[in-house]
Amino acid sequence: MPVAKDNQFWDALMENKVAKKLIKKHKCKAKCENIDDLANRYEVSKQEVEKVFKIFQLMDDDGSGTISSSEVAKMLNELGIDVSPKVVQAVMRSSDVSGDGQIDFEEFLAAVTSKIKLSTVKADVQLMLSKIDNNPEKVISAEELVVAWSETVSTNITVKEACALIQQADTQGRGKATIHEFITMCQTV
């Protein structure tokens, strides 16, 4: 499974050491407005919204309130990441929902929070699957998936939902999935 070209950028930005270093390096004066609304809509804490806003401000060199592809390239360079046009395009394409060629704060917040949530879910799924069995060829039943899910992930799923997940992971149309197939399916989400 090839890694998305923008993942390296988002992973580096979200790494606490990098974020703290960037925030200390550049003092941001402006405040984020509508913190409560944004925190509720994106299901994150106010502190996370403020942290993401500070990082956004660091990237917005010209103070326009948006991030351009050249500002993304500059940040990639500062993070020590390959600044190829393809990587910059991948970051812009994954974030610029409006299609105007710029990333505004809400688009940036949406991209960052979705990456954070996805990495949390993937870690939860890995833990969940390790509770079922370490044999990657073991077949998972819907009932096993429901039990393991409830023990590791912060939400519950029904047997019907578990069946749908297994069906999606099933690459051979058998009506069942191995742990390996399930992991592969989760990595492509």
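Don't overthink the numbers, they just go from 1 along the chain as shown.
Even glycines carry a Cβ here, placed using N, Cα and C.
Residues annotated as Ca(2+) 1 binding site in Swiss-Prot: ASP60, ASP62, SER64, THR66, GLU71. Counting every protein chain shown, the number of other Cβ atoms lying within 10 Å of the Cβ of ASP62 (Ca(2+) 1 binding site) is 10.
Take the CB of GLU107 (Ca(2+) 2 binding site) and look out to 10 A: across all protein chains shown you find 19 other CB atoms. Secondary structure from DSSP puts GLU107 (Ca(2+) 2 binding site) in a helix. Marked as Ca(2+) 2 binding site by Swiss-Prot: ASP96, SER98, ASP100, GLN102, GLU107.
Positions annotated as Ca(2+) 3 binding site by Swiss-Prot, on the basis of sequence analysis: ASP133, ASN135, GLU137, GLU144. In sequence order, ILE132 are the residues near GLU144 (Ca(2+) 3 binding site), counting only same-chain partners six or more apart with C-beta under 8 A. In this structure, GLU144 (Ca(2+) 3 binding site) is part of a helix by DSSP.
Using DSSP to sort the residues of the domain 'EF-hand 1' (47-82) gives these counts of helix, strand and coil: 23 helix, 2 strand, 11 coil. As annotated by Swiss-Prot, domain 'EF-hand 1' applies to 47-82, with the evidence given as sequence analysis.
In the predicted model, the domain 'EF-hand 2' (83-118) shows an average pLDDT of 85. Feature annotation from Swiss-Prot assigns domain 'EF-hand 2' to 83-118; the stated evidence is sequence analysis.
Sequence annotations record features per position, and here Swiss-Prot assigns domain 'EF-hand 3' to 120-155 based on sequence analysis.
Annotation source Swiss-Prot lists domain 'EF-hand 4' at 157-189, citing sequence analysis.
In this structure, of the binding-site residues ASP60, GLU71, ASP96, ASP100, the smallest number of CB atoms within 10 A of the CB marks ASP100. Taking Cβ-Cβ distances under 8 Å and a sequence gap of 6 or more within the same chain, the neighbours of THR66 (Ca(2+) 1 binding site) are ASP60, GLN102, ILE103, ASP104. Within 8 A of the CB centroid of the Ca(2+) 1 site residues ASP60, ASP62, SER64, THR66, GLU71, the other residues of that chain are MET59, ASP61, GLY63, GLY65, ILE67, SER68, GLN102.
A distance of 17 Å separates the Cα atom of ASP100 (Ca(2+) 2 binding site) from that of ASP62 (Ca(2+) 1 binding site).
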